[in-house]
There are 2 protein chains.
Amino acid sequence: MNAEPLILDGNKVAAEIKVRLASRVEELAVKGVVPCLATVLVGEDPSSATYVRMKVNACNRLGIRSVRIDLPKETTTEQLIEVIQQLNKDPEVHGILLQHPVPHHIDERAAFDAISIDKDVDGVTTEGFAQNAFGFAMFPSCTPAAIMAIMDYYKLQVSGKHAVVVGRSPILGKPVSAMLLNNDATVTTCHSKTTGLEHFVRSADIVVAAVGKPEFVRGDWIKPGAVILDAGYNPGNIGDVDFNACLQHASAITPVPAGVGPVTIAMLLKHTVDAATKRSAN
Amino acid sequence: MNAEPLILDGNKVAAEIKVRLASRVEELAVKGVVPCLATVLVGEDPSSATYVRMKVNACNRLGIRSVRIDLPKETTTEQLIEVIQQLNKDPEVHGILLQHPVPHHIDERAAFDAISIDKDVDGVTTEGFAQNAFGFAMFPSCTPAAIMAIMDYYKLQVSGKHAVVVGRSPILGKPVSAMLLNNDATVTTCHSKTTGLEHFVRSADIVVAAVGKPEFVRGDWIKPGAVILDAGYNPGNIGDVDFNACLQHASAITPVPAGVGPVTIAMLLKHTVDAATKRSAN
């Protein structure tokens, strides 16, 4: 039906963001400021370790300093918060990333909320969520921000469109719903208790898959011409969308990998540079 | 089609809440604690003055003390914040209500956010919004909380239903969308930029009208058997819903007046008593 759907190339979007960041990092260097991201990883989950390594490498390539803190899986909530509070106080650290998920015995919400709002470059705090929902966040949650950046880069219309978000997590489904709403989409948020999920997805002009289940969104759920953003990243480099099947119906779609993922990292870098810029101006 | 739609009686719901509150107020009195709500009104808008008077009267009837602060319309943002900060410090004051809307020259968001989260009984702060969106707010925004209380009282199912919210304001459309979502509804948030609003409303099992336009939601937009919650309150005691026309199609509907309004006030009282209870326990 759509002979040539547009493949939304996250590497291209990320590259453009990084070019602009590189010159900003140089300007900061002239002032003697080196943006610095602290990453905190708790436990030994191999995927989480990979994500952290990817983020650290991306920092390095751009001249952003990184401080990597790896904590044992037995770390308590109190110990983790103590580490975060030290990073809050450290004037050399501009941004703090606590890699999600943390081990189950840790109160992740309390740990996220220990991050100072000025350093919450991953957009995970309760306060940051609300600022984002009200449209004035300094650092919106990175994956939702990446999704918006991709649509912006490819000039895909959001205003007046019906966006269906599949998933309602605090760091993905909820904030991306809020950002789409603030950009004048009519937004439906679906989840595991939704009755007739296919029906909702079929009515969508924009589909955001943020459910964490491999190839969950099927080709025959897609309205012809819909735009599909796949925020999933499951083992084996598989998204939440059945890419090949959905490609038959969509007008535009992000692949996995090389879709939302690289832009998410670019947003993290951008927020870190923003934080350093803001601090250097104070 | 629906011979006998249920009229959702807000006065009845409010009365039940107040009966429970009355005994809690008595228990607090034994401990020498009198719950106290401070109301802040800026300017001379007659509707706002009426709302404040209704809230103060409701406090009085229940044995909740009220401190009424009326400020001239020329009050600056800084002066208003100073007043709020004094109330934050006052150990006798348990809850603070800043009547919405404030005059245009005031930064309402900054004023709301000056309210201490412990005294934000109207649920208007940025932090309180996010706590509510994440499902752990002490004081959810009062009108959204009232809507949920009405559905709870009448045992109307929310989980798995499609709720369509018309309106996206920070104190009504957004928080009620969040609360419906947290109660497992599939939630669509519509607004002035929505294309095909009638189509969305027609697909709703639950319609929440929070748009601030008299009789905006029409009878022929309503799916037979839908539940309608009208959070509007326009001059002349007119809701956002064309009541008589919608009554023909709905299975349950709130009237205006005597629908969401009295329960909103009851929630404000409940939150004030909750705040006093929490303080007395500390």
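Using the three backbone atoms N, Cα and C, a Cβ is placed for every residue, glycine included.
No curator has checked TrEMBL annotations; they are predicted automatically.
Within the model, the domain 'Tetrahydrofolate dehydrogenase/cyclohydrolase catalytic' (A:8-122) shows a mean pLDDT value of 97, rounded to a whole number. Per TrEMBL, the feature domain 'Tetrahydrofolate dehydrogenase/cyclohydrolase catalytic' maps to A:8-122.
The annotation domain 'Tetrahydrofolate dehydrogenase/cyclohydrolase NAD(P)-binding' is assigned in TrEMBL to A:141-279.
According to TrEMBL, the feature NADP(+) binding site maps to A:Gly167, A:Arg168, A:Ser169. In the three-state DSSP reading, A:Gly167 (NADP(+) binding site) counts as coil. Other C-beta atoms found within 10 angstroms of the C-beta of A:Gly167 (NADP(+) binding site) number 23, with every protein chain shown included.
Within its own chain, A:Arg168 (NADP(+) binding site) has A:Lys174, A:Ser177, A:Thr189, A:Cys190, A:His191 as residues 6 or more apart in sequence whose C-beta sits under 8 angstroms from its own.
Using a CB-CB cutoff of under 8 Å against chain B, the binding-site residues that qualify from A:Gly167, A:Arg168, A:Ser169 are A:Arg168.
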